[in-house]
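Colleague: As annotated in Swiss-Prot:
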BINDING   7-9, 26-28, 33-38, 149-155  substrate binding site
DOMAIN    1-179  domain 'Macro'
């Protein structure tokens, strides 16, 4: 289920103070958070960026192997994005496009990789639930918070990504929108 929330993704706090929040965003496979919402993730969660960049560099021989996967990273308690007194945020890097800029993939390819990345995230969250308390709805759906992924620098019409996200009925997806 998708719920639209007007406001800043980075002010989100879980309903239970002991629960972990999941913040997801679409990423390239080249280790760059240099534009769009990724730059805000970089400022808020520098420890997660380092892990992401290092992970991408270990796949530098063929970064496209990361497409359709998700890297789920626990941020550091010292990251500025954890200032709201909440539990540590987990950053989900959805590898939806190999490159960025003019070399980004087509909207159809990005949508297909989003579907695969979300399936991978869903699997990882099921495992993580066995070890940690993750923010969930009263119906038991894990809450995933995100901006309108792919709609910025990857230039995918939102309706295409929205159709993909609507397939994940077992997840409660908060999509943050800013005017």
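Note: Cβ is positioned from N, Cα and C throughout, glycine not excepted.
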Colleague: Count the other Cβ atoms sitting within 10 Å of the Cβ of residue 155 (substrate binding site), across every protein chain shown.
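Modeller: For residue 155 (substrate binding site), the 10 Å Cβ neighbour count is 11.
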Colleague: Return the single residue from the binding-site residues list (26, 149) that has the minimum number of other CB atoms within 10 Å.
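Modeller: Counting other Cβ atoms within 10 Å of each of the binding-site residues 26, 149 gives the minimum at 149.
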Colleague: Does anything in the same chain, at least 6 positions from residue 7 (substrate binding site), have a Cβ under 8 Å from its Cβ, and if so what?
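Modeller: Listed in sequence order: 176, 177, 178.
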Colleague: What is the average pLDDT across the domain 'Macro' (1-179)?
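Modeller: On average, pLDDT over the domain 'Macro' (1-179) sits at 92.
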Colleague: Tally every other Cβ atom lying within 10 Å of the Cβ atom of residue 36 (substrate binding site).
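Modeller: Its Cβ has 16 other Cβ atoms within 10 Å.
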Colleague: Check the binding-site residues 33, 152 for other C-beta atoms within 10 angstroms of each C-beta and report the one with the most.
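Modeller: Counting every other Cβ within 10 Å of each candidate, the maximum falls on 33.
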